[in-house]
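Record features (Swiss-Prot):
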DOMAIN    2-181  domain 'KARI N-terminal Rossmann'
BINDING   Tyr25, Gly26, Ser27, Gln28, Arg48, Ser52, Asp82, Glu83, His84, Gln85, Gly133  NADP(+) binding site
ACT_SITE  His107  active site
DOMAIN    182-327  domain 'KARI C-terminal knotted'
BINDING   Asp190, Glu226, Glu230  Mg(2+) 2 binding site
BINDING   Asp190, Glu194  Mg(2+) 1 binding site
BINDING   Ser251  substrate binding site
Amino acid sequence: MAKVFYNGDINEGVLQGKTVAIIGYGSQGHAHAQNLRDSGQEVIVGLRPGKSWDKAAEDGFQVYSVREAASRADVIMILLPDEHQPTVYKNEIEPELSEGKTLAFAHGFNVHFNQIVPPATVDVFLAAPKGPGHLVRRTYVDGAGVPGLVAVYQDATGQAKDIALAYSKMNGSARAGVIETTFQEETETDLFGEQAVLCGGTSALVKAGFETLVEAGYQPEVAYFECLHELKLIVDLMYEGGLEYMRYSISDTAQWGDFQAGPRVVTAETKQAMKDILSDIQTGKFAKGWILENQANRPEFTAINEREKNHPLEVVGRELREMMPFVKAKSKGVVGSAKN
């Protein structure tokens, strides 16, 4: 069973007198910074000049260049997109990592795949709330919290785990529960979930369903509602009470269709494909491809992204959403939000 820590298990005193630098002020960055500050922690923000700098300053933080913030801080939490972290780390953070400092992440990708190799003289931990930044902040303000993960990659001082837990407590996660994990487990399961289920699997399933109906002569508008729009209704039920509550809430006809058709859509071959995807993640094949894609300035990523925007599902969806002002597009930073 997983080891879970709550507020009463954690001594936040290990952070007393220390300065925490939040590097990045996006989806997760603004939430971490404000939550820790409201918990009584000394917090500064490290950024490059731009809108985020102005926003952090407006929110009352002392804002510095990344290198200056890293120099001033005892604990440095990097909350930048994965693809930007290695360069920023190498040029602006690593030179300021004196012995005994702490380097922190909310996603283990760059450490696990050796894109960031910290010196042996610093602590390295992961503190990852399992929710988007706006929810991390809102639940904290409401007196609750989003569950989180915590892991130690390197313990140079003997206090890395205590510091990681204290950070998670101050961010509100220990109000709900903090699960101990490893950088490897967090990274590999996070990538697998995104690729096989949450993003890759779901978007491919929705498109295939839409295309099947349209190719059979049904109106694209009706196909959109049945295959994409109503997905939220089902996912919300699953989110609230698992598959059991979803099945309790739908009609018996829908539930019987679930039992009969589901195994025909997701077959043994589908599960084998999932295992192959997991293998690509575990061996580093996926990471290598993504790193090379970024080094080449993302030609394939950009081409696929543009093609997908013009899929008939997207075209009809944009038209239908104009009929539904109650449907508002949310900002990026939900799945993989720790990267922002």
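Any Cβ shown, glycine's included, is placed from N, Cα and C.
Each residue contributes its Cα atom, and for Arg48 (NADP(+) binding site) and Glu226 (Mg(2+) 2 binding site) those atoms are 44 Å apart. In sequence order, the recorded positions near Asp190 (Mg(2+) 2 binding site) (Cα within 10 Å of its Cα) are His107, drawn from Ser27, Asp82, His107. For the pair Glu194 (Mg(2+) 1 binding site) and Glu230 (Mg(2+) 2 binding site), the C-alpha distance works out to 21 angstrom. Broken down by DSSP into helix, strand and coil, the domain 'KARI C-terminal knotted' (182-327) contains 123 helix, 0 strand, 23 coil. Of all the binding-site residues listed here (Asp82, Glu226), it is Glu226 whose C-beta has the fewest other C-beta atoms within 10 angstroms.
Asp82 (NADP(+) binding site) carries a helical DSSP state (H, G or I). Neighbour density around each Cβ, counted as other Cβ atoms within 10 Å, peaks among the binding-site residues Asp190, Glu194, Glu230 at Asp190. Looking only at the binding-site residues Asp82, His84, Gly133, Ser251, the one with its C-alpha closest to Glu230 (Mg(2+) 2 binding site) is Ser251. Neighbour density for the residue listed as 'active site': within 10 A of its CB lie 25 other CB atoms from the protein chains shown. Fewest Cβ neighbours within 10 Å among the binding-site residues His84, Gly133, Ser251: this applies to Ser251.
For Ser27 (NADP(+) binding site), the Cβ neighbour count at a 10 Å cut-off comes to 23, with all displayed protein chains included. The number of other CB atoms found within 10 A of the CB of Tyr25 (NADP(+) binding site), across every protein chain shown, is 30. Close to the residue listed as 'active site', meaning Cα to Cα within 10 A, are none of the binding-site residues out of Tyr25, Ser27, His84, Gly133, Glu226, Ser251.
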